[in-house]
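Okay, structure first, notes after.
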Amino acid sequence: MASDVVARTRSSGVTFTPPTTHDMVRSLFDPTVRKSFLEICITLALLSDFVFCYWGLQRFGLTSMKKAFLAQYLFWRLCYNLGIGVALHLQSRYETWTNYAKRNHVFTKGNHTPLARFCQFELKTKMSEGYDMYSQPEELNVWLLFRQFVDLILMQDFCTYMIYVYLSLPAQWSAMLNWRTGLGVSMILFNIWVKVDAHRVVKDYAWYWGDFFFLQESELVFDGVFNISPHPMYSIGYMGYYGLSLICGNYHVLLVSISGHLLQFLFLKYVESPHMEITYGSESSDDNSQINSCIDDLIATKNYDYSRPLINSGFWVNNFDKLRFTDYFTVGTSLALICWLFLERPSVKLLFNLTFFTKFVTSIVVCSILYLQSSQKWFTKLYLKNGYTQVYSYQQWQFIYNFSSCLTYTLLFIQTLAKLFDDNTYIEYTQFIFGLLLCAVQTWCNAEIRSAISDFGWFYGDFFLSNYIPTKSLTSHGIYRYLNNPETILGVAGVWGTVLMTDFSWENIALACLWSGCNFIIVKFIEQPHMAKLYGDNTRVGGIEKTLQGLGPWRRMSELMDRVENVITKSLTNQQEPFDKGLEKPRKDIKSVNNHLRVRTNSQEWEEAVEDAIGNVTSKLYPDCKFEIEDLGEKSFILPRPITIRWQVPIELFDEDAWIGLYNIIQTRSNSKTTKVSSSGHWSAVSPNAYKGYESNNLAVTEFEKNDTVACGKVTFDSSLLHFKPGIYEFRYHAGNSHNVLCTSKPFELLLPNLDMETPEILNKQLLQLLTSVSAVKNGKFDSHGNRYFTTRIFQRLVKDSLGVELSTDYINRVNGDIGAISQRICHIKKVLDDLE
């Protein structure tokens, strides 16, 4: 502890300057540092452990000494977690030890009681000559003595554990020449770095729980290892336990290590965490930490029929709704599969194939829904156009996602279980326990993710209900403080745990690779692009990534990977450029125009294409023939405006059975002399009495004259003959009762009317006028039989192309074509989709 730090007592507020102190290892083993009586005793106690081990091995044998040191380790571990825990709890709540020292004047000069003499002697021998214990507050003196007992317990705890591990090593050193030793040594080295870096950050003050006694008036910068894991001294600070267990290859050591680590977590939960909340308040989160939870509440408040979704949480489910059938279906399916395993005993091969196929298919379904929802709002539109609400579509997605998760993990569970009970599978207990630990890590990771982003984030709510997000910023609290995408690695830890449990069976390796690949695809190619689009390109940097970026070699490797990614991206972009540039070249014939129109989608490019087509295509006429469209000055017609064609042909070319057809130029571009496609009823006679039985086609003839030299007339295509699909069309005059083309008009464009969606009432009025003009209204409702060319499908297309809103046939039929209800629905859908943008 630095001498320039200012501290103050917790209750009285007395300020003082703490003396310089040293860490545990230097205090005990550095010969240049003064040693107190207790420190000498601690050192002798540690040496006695080794002497006792050597003597005991000679006298009692290996098995007895392993039991003896296991008992010692358990004793000292309980002294640590229970003894120190109780002492700190009393000090935190009641300041028991400092108050005792004050009441009994333990550090008062002239007090000759045995306790006071011993405590004062201990501090005098420990501290430098310049330290005046009588002028310092009792809180500091008690803490300095408390450190001595902590040193004894912690060093004995460590020493007895290490001796127990040593006694559990394989008899043959050659048995340790494997991958487990390499991984174990790496974990031990990592553990050492964690402890050293943690002490660099918190110093002796926090290492010895100084804030239980007094408070420092300084800001600690929690960087380094504190960016990697929550409570690193209690979590990853015990990685060495598992590294030593791997090296030993003894599951007894692993179980002892797990027990010791578990006791440490209990110490954290019941001693440290409550004190932190009392002293510093609950852990502060970023301003957006509660946004997702608030969104869940907002959804439930605004939608009275909404209830929290069922969520798979390992071997249990949360939010089970007794009145929701899908919950029974999900749970029932999982239970049925487990019963099937025990009753039918399916083969391992069948279970593997079924698990692999199910995971593959459900991943495709989930990825497809998320991708289409992100790019097109497809899933929401699917339900909106069928008369359902936005939140209802989200509820259906929640069921799909959770059911897929339950189904695949249930199948993985029974597949692993069947593999374990297979006669050909060797169960190595150490690997099996490590596999269970990985499953526990995944369960913990999922719980932390849900705690950080709530149900809304767990079910990708920002894909479906982005309009419910009040502040669009990514959360950086909880597990997301350390990992940017924790589900990518820790989210499949349990799946790789099954690989360890089954002794690296190829089936479970294949399943783990599939799980990891699917997770990677969702995060890298779907989730990250969507997050960038919704929240901006300022990506969140996790604590682990931030720490690694501070390391030179890792930073250079990261820069190299970024360059490779940029090269790949640019190469893909350059391959696309020639195609894009080709679209910009002018089209000089009608075939090029149509290819051009297929690609161009926005309105400006569409208008340019129309100009290109009309400007470069002339009507094709026989000599002395006339074939003109009236009022073609604007080169376009807004539906359902009637179109009149004036025609004239020499008498020798005229035939009473001649007719005029309306075609999309994309269909007729291949042949200008013969029409090879059907007009599908979009045709008119040129003579009023030519085609008996085709009344609507004859009624289109408005003028007809014939003399000795020419025949001429007018034909008007109204809503009963026009196409209601936007595009570029042409009229063709056919000679006689054939498909031989005599005349072709100039191309023109058919456009949909612009409807006003300012209010449902205005839209209702305009729709009613439009449908009346095309004879598709009966009793104020849409009548799909009123105009054979204005069917329900055409009405859907009109609404989609003109208003950008889709309605399903089922919905239109459900409301019986009610224009008012349809108008209300269109405005609602449009508002929802606009809010999602």
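Glycine too: its Cβ is placed from the backbone N, Cα and C atoms.
These come from Swiss-Prot:
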- 1-36: topological domain 'Lumenal' (TOPO_DOM)
- 37-57: transmembrane segment (TRANSMEM)
- 58-67: topological domain 'Cytoplasmic' (TOPO_DOM)
- 68-88: transmembrane segment (TRANSMEM)
- 89-148: topological domain 'Lumenal' (TOPO_DOM)
- 149-169: transmembrane segment (TRANSMEM)
- 170-173: topological domain 'Cytoplasmic' (TOPO_DOM)
- 174-194: transmembrane segment (TRANSMEM)
- 195-205: topological domain 'Lumenal' (TOPO_DOM)
- 206-226: transmembrane segment (TRANSMEM)
- 227-235: topological domain 'Cytoplasmic' (TOPO_DOM)
- 236-256: transmembrane segment (TRANSMEM)
- 257-322: topological domain 'Lumenal' (TOPO_DOM)
- 323-343: transmembrane segment (TRANSMEM)
- 344-349: topological domain 'Cytoplasmic' (TOPO_DOM)
- 350-370: transmembrane segment (TRANSMEM)
- 371-396: topological domain 'Lumenal' (TOPO_DOM)
- 397-417: transmembrane segment (TRANSMEM)
- 418-424: topological domain 'Cytoplasmic' (TOPO_DOM)
- 425-445: transmembrane segment (TRANSMEM)
- 446-505: topological domain 'Lumenal' (TOPO_DOM)
- 506-526: transmembrane segment (TRANSMEM)
- 527-837: topological domain 'Cytoplasmic' (TOPO_DOM)
Q. What same-chain residues lie close to the topological domain 'Cytoplasmic' (344-349): Cβ under 8 Å, and 6 or more beyond its ends?
A. 415, 418-419, 422, 507
Q) Under DSSP, the topological domain 'Cytoplasmic' (170-173) has how many residues in helix, strand and coil? A) 1 helix, 0 strand, 3 coil
Q. Do the transmembrane segment (149-169) and the transmembrane segment (397-417) come close, with at least three CB pairs under 8 A (pairs 6 or more apart in sequence)?
A. no
(Q) Tell me whether the transmembrane segment (506-526) sits in contact with the transmembrane segment (350-370), defined here as at least 3 Cβ pairs under 8 Å among residues 6 or more apart in sequence. (A) yes
Q) Using DSSP, how many residues of the topological domain 'Cytoplasmic' (344-349) fall into helix, strand and coil, respectively? A) 3 helix, 0 strand, 3 coil
Q.
Across the topological domain 'Lumenal' (446-505), what are the DSSP residue counts per state (helix, strand, coil)?
A. 40 helix, 0 strand, 20 coil
(Q) Which sequence-distant residues neighbour the topological domain 'Lumenal' (1-36)? Criterion: at least 6 residues beyond either end, Cβ under 8 Å. (A) 42-43, 95, 122-123, 125-128, 131, 136-137, 139-140, 144, 147-148, 151, 154-155, 199, 203-205, 207, 210, 213-218
Q) Per DSSP, what is the residue tally for the topological domain 'Lumenal' (1-36) in helix, strand and coil? A) 6 helix, 5 strand, 25 coil
Q | DSSP-assigned states of the topological domain 'Lumenal' (195-205) in counts, ordered helix, strand, coil | A | 11 helix, 0 strand, 0 coil
